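In TrEMBL this protein carries:
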- 1-26: signal peptide (SIGNAL)
- 42-144: domain 'TMEM205-like' (DOMAIN)
- 50-67: transmembrane segment (TRANSMEM)
- 79-100: transmembrane segment (TRANSMEM)
- 112-132: transmembrane segment (TRANSMEM)
- 183-203: transmembrane segment (TRANSMEM)
Amino acid sequence: MGWMTRFLTAIAFLAIGVIFSPETFGSKSAKIATFVKLAHLLCFSTAWGAALWVTFIGGIIMFKNLPRHQFGNLQSKMFPAYFTMVGICCAVSMGCFGYTHPWKSSSTAEKYQLGFLVAAFVFNLTNLFVFTPMTIEMMKQRHKVERELNIGEETGWSKNQDVAKVSPKLAAMNKKFGMIHGLSSLANIMSFGSLAMHSWYLAGKIDL
């Protein structure tokens, strides 16, 4: 099934859900409020699900099963798309939540929730425009050094640390890469944590 077919199928199911929703036949203001809430929920859940998968599942599986340089090259293509998508979703959720909860009339808890969404958005933008480009550039430089030392094609466990003990150049590259990659990972975890706190708030509002 092609990408467009899957996308249209998802849209069709969404349209069916709209048709059978009681709010569909309500007032114009009720329709707008429902669509804003839908956009908030879909974008938040997309950001939350993507962050959960990439951070704790997909990345670990790829790391354990791909040659290390191949894994790094794949990550260099995936992470810009990942941070772009999550950033856009956070921006939409932030806008929708701000629309349904105007700042002047919001409670303290609602203001905190808007803050969590803003934090998730900022952390993703920081990763997209600052840490990810730096990490990718440093990774490419380290890959070049590793190829000169005939390492980097192993799967899972890396020979890097053993070789770095006798290669000052590689050891220096590892230190720089580790620092930048660590900051990127920290920003990603902070974004994930901000979304997690908002998920608890949403759970308290849902009446199942």
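Including glycine, each Cβ sits where the backbone N, Cα and C put it.
Residues 74-75, 78, 82, 85-86, 89, 152-156, 188-189, 191-192, 195 of the same chain sit 6 or more residues outside the transmembrane segment (50-67) yet have a Cβ under 8 Å from a Cβ within it. Per-residue pLDDT, averaged across the domain 'TMEM205-like' (42-144), gives 95. Mapped onto DSSP classes, the domain 'TMEM205-like' (42-144) shows 97 helix, 1 strand, 5 coil.
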